[in-house]
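What follows is a short report on a single structure.
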Amino acid sequence: MENNAYPTLPLKNTVLFPHLVLPLSVGRAGSIAAVEAALSSEDKLIAVFPQKDPRTDEPAADDLFRFGTVGIIKKMVRSEDTVQILVQGIERVEQLEMVQKQPYLSLKIATLSEPSDTGTEIEALHRTVIELAGKMIELVQPQIQVGIHHIISDVEKPLHQIYLLTSILSLDFDKEKELLAAATQVEALQLMHRYLNHEVQVLEVRQKITSTAQTEIDKKQREYVLRQQLEAIQEELGETNPEQAEIKELRQRMEETELPELVRKEVEKEITRLERMPSAAPDYQLTRGYVELALELPWNKTTEDRLDLKRAREILDEDHFDLEDVKERIIEHLAVMKLNPEAKSPILCFVGPPGVGKTSVGQSMARALGRKFERMSLGGLHDESELRGHRRTYIGAMPGRIIRAIRRTGYQNPLLMLDEIDKLGRDFRGDPAAALLEILDPAQNAEFHDNYLDLPFDLSKIFFVTTANTLDTIPRPLLDRMEILRLPGYSDEEKQHIARRYLIGRQIREAGLSEIQLSIPDETLSYLIRRYTREAGVRELERMLGRIARKVATQVATGQTQPVTVTPQDLVELLGPERFFAEEMRQQLAPGVAAGLAWTEAGGDVLYVEAALLPEGKGMTLTGQLGSIMQESAKAAQSYLWSRAEELNIDQKTIRESGVHIHVPAGAIPKDGPSAGVTMASALTSAYAHQPVRSDTAMTGEITLSGLVLPVGGIKEKVLAAHRSGIQRIILPKENEKDLREIPEHVRQSIQFILARRIEEVLAEAIPDLNR
């Protein structure tokens, strides 16, 4: 066999060892040709070499491992595309050179003499390897240990025993090649010793894990059998009681509920306490309530979000008129969730006057997302424990509102609305706003600890939405965690649209009427809005429509069959006298009176500032519950006018000899803020110059001592209030020009906007006759 050329069979992922029989499936055309060539030879010998890279499809000599095995083909079976052969290894060989590559690979090879080294080291290694092999077989299949031991013992040479062990030891391809290349028996025994030692260690660890798991299973089975026997004995003795049945039910629920491991251990501990506790014990009901809470909380139960943007937009448009900024932000979040399911939900804060739809927008969001909705009012909340829960050591302890809300929804990812967050209180019992910092912070709320539950609960999947009428009372750290979305008030035309699309039909249905029985024309609706409601939202408007519907329902119930069409004249009979007249602008203003625009929690308002000169008086008197900022604005306006008296055509003698009294009507309502500065300056100038301010003009803006007009907030609400009052001209700071884009188009068209940088420009527009 020395230096002869043989048909060569490359192997992708296995090795043929001498004296072992290996079944092979041959599918490559070159390999099949090599098999056929070997079978056609007299000795049926074939050289078998493992490939260096199994991914090589047509290997040459350089692609094969240096060492291989010459084998004899014992059997061959043909199938459609492959050839199945049985090859017995004879001896190790080394490739010398390639003779041919086509039609099959043929290599010239050299036979490697079988190592015959001996000595005490080889004997010691050999015995250790045989012991490790026996231990491995015992760990895997003890029942075949004796049979395998006899098979190995029948093989005389240690090297042949090592090759035999490869058939029962799962070695990877590289280790098999490493073993085939071993030049001495010592090297081969050392390699096999290392492989077997690693395998035995892995099997021992696996057996230990299996044994531990089995012990735990046996323990639980034993407990189960003993409990069943105990229940049977108690039943025979007639000693069963409702408490035991209750505990049994709790334990069964615990087994059936998917709980985190930490929670399961705590619940198991509490149920065990219940079993040992008399039902009359003070802690019994508290412990039972705790277990029920832990079992009812949705630890891993979530609803699947509906991320159909088109459908979500339809739902939002169906439920609410306008509010484009809010709707766009919601759709943006849905788009982000669709592209990145792991994205954290934002904490939205809807800010706006009452009745503009803040709470109902939250309900629509939940409907669009397919999530459960839960609302929680925080107005007047002053105890931190209301949010975090009370510790169970206290009598009457309860979980906090957050955990109770999640329990009611039954899901871990509801949309939770925290209403009236601007009306949180605080006292000696703690600051609820500080507790909300943890609840709303995505970096902390993944492991929220309720004092009652005392287990980490993940709040990060909740979509938090808050509402407020104003941001002034919200602590700054809490405000920083929220994204502000403003919902300003509605114009009269928008209110008509909302009433026509949503409110009228709802009130007619609630009164048990049909739309045929009651109709409200646009003229009547407009009159109702202007004369019977004065609000930024539509809550009072809906109440008025409800009163009309109930009056008509009363008529129908008493026998009237004719359909009712409500006219403006009918409103006095149905609703009583007109409620609002002041919203109409004053037809003529006396000198010293100017119309200003104010922002309130209920929306915008027209505020008249009155200034009167006091003969022989001194200084300035301010009335109308004015805050410190408004008082400072009045003083700044007066100082500016005194310094510019000659330019403004104001008699300096009048200034020296007269005091001034500034009053802002609605004295029962506290007022503050810088936006009345230009109004006070105009009223004072009008009083000093004895020239009236234009009655069709209202204004807003902060002033400085040098006469600059600075920007203010709440422009949309103020403009809508002016529009409701019939104001035709509005003077605004130049820097507020950007805010006019938020004003509805029909309102912008009906009002002339004058933008001013200095107070002189304001006075020129507000008091046309000032310098004449």
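Including glycine, each Cβ sits where the backbone N, Cα and C put it.
Sequence-distant contacts (6 or more apart, same chain, Cβ under 8 Å) of Ser675 (active site) comprise Gly596, Leu597, Ala598, Trp599, Thr700, Gly701, Glu702, Val712, Gly713, Gly714, Lys718. Swiss-Prot lists Ser675 (among others) with the feature active site.
Secondary structure from DSSP puts Lys718 (active site) in a helix. Around Lys718 (active site), a 10 Å sphere centred on its CB holds 31 further CB atoms from the protein chains shown. According to Swiss-Prot, the feature active site maps to Lys718 (among others).
The annotation ATP binding site is assigned in Swiss-Prot to Gly352, Pro353, Pro354, Gly355, Val356, Gly357, Lys358, Thr359. A helical conformation is recorded for Thr359 (ATP binding site) in the three-state DSSP classification. Over all protein chains present, the Cβ of Thr359 (ATP binding site) has 16 other Cβ atoms lying within 10 Å.
Annotation comment: Swiss-Prot describes 6-200 as domain 'Lon N-terminal', evidence class sequence analysis.
According to Swiss-Prot, the domain 'Lon proteolytic' annotation covers 588-769, on the basis of sequence analysis.
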The domain 'Lon N-terminal' (6-200): mean pLDDT?
81
Including all protein chains shown, what's the count of other C-beta atoms within 10 A of the C-beta of Val356 (ATP binding site)?
28
Simplified to three states, DSSP reports Pro353 (ATP binding site) as coil
Apart from Gly352, Pro353, Pro354, Gly355, Val356, Gly357, Lys358, Thr359, which residues in this chain have a Cβ no more than 8 Å from the mean position of the Cβ atoms of those residues at the ATP site?
Phe350, Thr467, Leu487, Ala536, Gly537, Arg539
In the structure shown, which of the binding-site residues Pro354, Gly355 has the fewest Cβ neighbours within 10 Å?
Pro354
